[in-house]
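Copied from Swiss-Prot, the annotated features are:
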- Asn7, Glu388: Mg(2+) binding site (BINDING)
- Lys14, His208, Leu209, Gly210, Asn211, Gly212, Asp283, Leu284, Arg285: ATP binding site (BINDING)
- Arg91: substrate binding site (BINDING)
- Asp148: active site, proton donor/acceptor (ACT_SITE)
- His180: site 'Transition state stabilizer' (SITE)
- Arg241: site 'Transition state stabilizer' (SITE)
Amino acid sequence: MKILTLNTGSSSLKFTLYQHKNTQILASGTIEKIKTKKSIIRIKTQNDLLEKIDKHIKSHKEALKQLIKILTNKKLNIINNLNEIQGIGHRIVHGGPNFKNSVILNENILSELEKISALAPLHNPTAIKVIEITLKIFPNAKQVLCFDTSWHQTMNENAFLYATPYSWYKDYNIRKYGFHGLSYAYITKRVATILNKHKKDLNLIILHLGNGSSINAVKKGISYDTSMGLTPLEGLAMGTRSGDIDPAIIPLMSKVLNKTPRKIEEILNKESGMLGISLKSNDLRDIWEGVENNEYNSKLAVEIMAYRIKKYIGSYLAILEFNIDAIVFTAGIGVTDYGIRELSLKGFEKIGIEIDLQKNNLAREKNIESDISSEKSKTKILVIPTNEELTILEDTYNLITEHSRDLK
């Protein structure tokens, strides 16, 4: 069975075409900077044929048309026709309170998804447009929605509720949802294999560190708490997001700057975090260069990021009652930035969590798994590249095959 996974961003479209039988990647790539004159299409085929195409792509609809041309291009030899694709798995950022697992798409599901678009206004409406287009392009393929929030639906009320009026939760669904769930699901499954343990016996602290970052406490193989909240703005100091702040800052700065609350929220999302503190970049590689050049704000940005991470690790150790099997670093920064890993775990050796500095310094490659714990460490410290697409692939395949059995 050939399955296409689609990860729709507000201005991008990431795709992978799999042959499920052996999880072989037939083609993968990204279409970036959609809606601009500097759109870029990057493609990699199973023969490692690389293609880069510069093209003005005005919309996600046009991006999908370009994707179809790529997949059916005889020169690339990926597929002969679109009917070969039997399943499509969509990553959906926000599933709201009702989508606790991945689901096969139908009219009722699509209607329910439209109702919660306000919870993720930058991502869900665009994803819905892509779904509607793929329904027309692939009328015979089963489509599956995989939600980044579903993984965290196992959290208890005392973890996901805010201490706001209870009616806000009951009437308006105001609560912590958490994100990066597809990544956490993959990492948890992978750690179970690495440690040769049943997933239900695992207690983990997983750090998904990228331009958007979060931490997940996993207890008995399921999500117990996470740092992001109703939206991805809560939690750690990130590339451009502030993370945790006093909410009174919003009306205060709205008045001081004579800007609307929505504009202040935009600043907290797009002009804060590492970019806001460093005064130069949201990219930690640029910021580390600033540290080497003794730039005060670059040094401060790194310290703030590591300090926030350390606070969350400490609090999650407490709620897991100091009984954890591993601390896992994943995503772009988590896998490649040895400096952030070292700073974030400094001091934890006093409670048996000790990093091996030499192993840590060598763990910089994007696609390599590493054990960076010292021989003395009572807790494993692992670096594992994430694979959200593989989670989407497995969920899509499993739901389609279950659906086919039910019809027999």
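These residue numbers are counts, starting from 1, taken along the chain as shown.
Backbone N, Cα and C atoms are what each Cβ position is placed from, and that goes for glycine too.
Features per Swiss-Prot, on structure.
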residue: Asn7; record: Mg(2+) binding site; Cβ within 10 Å: 23
residue: Lys14; record: ATP binding site; Cβ within 10 Å: 18
residue: Asp148; record: active site, proton donor/acceptor; Cβ within 10 Å: 26
residue: His180; record: site 'Transition state stabilizer'; Cβ within 10 Å: 29
residue: Leu209; record: ATP binding site; Cβ within 10 Å: 27
residue: Asn211; record: ATP binding site; Cβ within 10 Å: 17
residue: Arg241; record: site 'Transition state stabilizer'; Cβ within 10 Å: 26
residue: Asp283; record: ATP binding site; Cβ within 10 Å: 16
residue: Arg285; record: ATP binding site; Cβ within 10 Å: 10
residue: Glu388; record: Mg(2+) binding site; Cβ within 10 Å: 24
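A 10 Å radius around the C-alpha of Lys14 (ATP binding site) takes in none of the recorded positions listed as Asp148, His180, Arg241, Glu388. DSSP assigns the residue listed as 'active site, proton donor/acceptor' to coil in the three-state reduction, placing it in neither a helix nor a strand. With respect to their backbone Cα atoms, Asp283 (ATP binding site) and Glu388 (Mg(2+) binding site) stand 22 Å from each other. For Glu388 (Mg(2+) binding site), the nearest neighbour among the recorded positions Asp148, Leu209, Asn211, Arg241, judged by Cα separation, is Asp148. Cα-Cα distances to the residue listed as 'active site, proton donor/acceptor' place Arg91, His180 within 10 Å, out of the recorded positions Asn7, Arg91, His180, Leu209. Across the structure, His180 (site 'Transition state stabilizer') and Asn7 (Mg(2+) binding site) are spaced 13 Å apart at their Cα atoms. In the three-state DSSP scheme, Arg285 (ATP binding site) is classed as helix. Note: Arg91 (substrate binding site) has non-local neighbours Thr5, Leu6, Asn7, Thr8, Ala127, Cys146, Asp148, Leu182, Glu388, Ile392, i.e. same-chain residues 6+ apart with C-beta under 8 A of its own C-beta.
Across the residues annotated as binding ATP (Lys14, His208, Leu209, Gly210, Asn211, Gly212, Asp283, Leu284, Arg285), the two Cα atoms farthest apart lie 24 Å from each other. Arg241 (site 'Transition state stabilizer') sits 9 Å from Asn211 (ATP binding site), taking the Cα positions as reference.
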